[in-house]
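Asker: Here it is: the structure, laid out below.
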Amino acid sequence: MSNQQKHRIQVPDGLRDVLLEFSIAYLLEQPGDVIDYAVTFFTKLQEDRKSTMLTSAEPTSPDESIMSHDEEPLVNRYASRRKSVFAETYDPENDDEDEGARAIFPKTDEQRARLCDSVKNILLFRSLDKEQMNEVLDAMFEKIVQAKDYIIKQGDDGDNFYVIESGTYYAYVGEEQKHIHTYDNRGSFGELALLYNMPRAATIQAETDGKLWAMDRQTFRRILLKSAFRKRKMYEALLDSVPMLKTLQNYERMNLADALIPQTYVKGDRIIKQGDAADGMYFIEDGKVSIRIQQDTGEVEISNLGKGGYFGELALVTHRPRAASAYAVDNVKVAFLDVDAFERLLGPCMDIMKRNIGDYETQLVKIFGSKTNISDIR
C-alpha cells in the first residue's frame, strides 16, 4: 500500500453530515468559544434524537423519515445542498495547479495597513506563515458596499470569501428571511461555500455603508486549503521524529499537527523567559535553540536542541513559571502549541513528560554538581 493510499480514510456519510451541520451552525452563529459551543450543540443534537425516537411512530418502510419538518437538520434548512457535494470538494493532494499564476491586486501602503488590521484576528489565517500571509494580502481586493446591498444570496454558488473592514451586515436564512446574525465592523463570511463547494448557506446584506476585502474561490482554495494540507503533512513528519509522541495514535498526531502554529525567530531572539507564566510549548522545525538557567554568575546553558527537539512543556506539566529561558542560536523555525491545545491533545504523553522531569534534574546535578530540584529554579 502506498503512502498516498494510507492517508485516504473513508469517512462515513453520517459523520460527514453531522460535521457539516455543526460547521454551518458554528460559522453562522460565530460563538466565542468553539469547545463550549460544540458541547452545547452535540448535547442538544443527542437530546433531540432521543426525543424523536421516543415520540415518533415506527416507520412504515426503511426509507421513511421519522424527523418532523421543524426538526430538519440545519444542513438542510440553511443550505439546500446537493447530495454530491462532498464528491465535489477540493482535494489539495491532487491539485497540480501552477502556483506561478498568483492573483495580485496592487495596494497603497495605507490600504495594506487597513487590510492587515482587518485580517489579524481571522481564525482561517492563523496557521499561515509570513510568506503565505503576504500572498493572502496580495490576493485580496477591496469592495465598497452601500446600505441594503446584497453581498451574497442563499442558494447561489460561492464566488468570493469576504473579510469585513467596516460596516454592519445582517445574515438571513430561509424564504422568510429570518435574521440569524449581525456582523458589526469585524469578522468574515463566505468560506463555507468555498470549503465544501456547496451553495451559499445564508444571505448577507449590508445594513450600512461599508468596506469589505474579498478573495476569489480559486485563490482561497489554493492558499488556505493547500497550505493547510501541506502544513499538516510537514508537521506530521516533524512529529514522527519526536520520541515522546510515539505513544499517540495516527489520528491524534494529525489533530496535533493541525493545532500547531508556525513561528520564526532570528539569531539571538529570546523565545521564552525564565520566570514567566507558560502559554504553550514548542517543537523545533529548523535551527538550534539554547536552553539557559539564570544563576548568580549569569546564565548557564544546560541544553542545546535541534530539529525534532521540543521545549517549554515543563512549566505546563508542573503548573509553575518557566524554569529556564530559550534563545535562538541561529535562525529558528518552531511549531507552537498553545496551553489549551496542549491540555486537550497531549494527555496520552503526560506520564512521559512527568518522567522527563527526573531526567532534567539529573542533568542539572551534572552541571551544577549538587542535588538540584526543578522547583528550586526561578
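Each residue's number is its place along the chain shown, starting with 1.
Cβ coordinates come from backbone N, Cα and C, glycine included.
Straight from TrEMBL, here's the annotation block:
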| type | residues | note |
| --- | --- | --- |
| DOMAIN | 124-241 | domain 'Cyclic nucleotide-binding' |
| BINDING | E191, R200 | 3',5'-cyclic AMP 1 binding site |
| DOMAIN | 244-363 | domain 'Cyclic nucleotide-binding' |
| BINDING | E313, R322 | 3',5'-cyclic AMP 2 binding site |
Asker: Please list the DSSP helix, strand and coil residue counts for the domain 'Cyclic nucleotide-binding' (124-241).
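Answerer: DSSP classes over the domain 'Cyclic nucleotide-binding' (124-241) add up to 42 helix, 41 strand, 35 coil.
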Asker: With Cβ-Cβ distance below 8 Å and at least 6 positions apart along the chain, what are the contacts of R322 (3',5'-cyclic AMP 2 binding site)? List them in sequence order.
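Answerer: Spatial neighbours, sequence-distant, of R322 (3',5'-cyclic AMP 2 binding site): I272, K273, Q274, G275, D276, A277, A278, G312, L314, A315.
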Asker: Rounded to an integer, what is the Cα-Cα distance in Å between R200 (3',5'-cyclic AMP 1 binding site) and E313 (3',5'-cyclic AMP 2 binding site)?
Answerer: 43
Asker: For the binding-site residues E191, E313, which Cβ has the most other Cβ atoms within 10 Å, all shown protein chains included?
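Answerer: Per the Cβ count, the most surrounded site is E313.
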Asker: What average pLDDT is reported by the model for the domain 'Cyclic nucleotide-binding' (124-241)?
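Answerer: Across the domain 'Cyclic nucleotide-binding' (124-241), the average pLDDT comes out at 86.
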Asker: Taking helix as H, G and I and strand as E and B in DSSP, count the residues of the domain 'Cyclic nucleotide-binding' (244-363) in helix, strand and coil.
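Answerer: Taking each residue of the domain 'Cyclic nucleotide-binding' (244-363) in turn, the totals are 44 helix, 43 strand, 33 coil.
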Asker: Sorry to bug you, but what's the C-alpha spacing from E191 (3',5'-cyclic AMP 1 binding site) to E313 (3',5'-cyclic AMP 2 binding site), rounded to the closest Å?
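Answerer: Counting only the Cα atoms, the answer is 35 Å.
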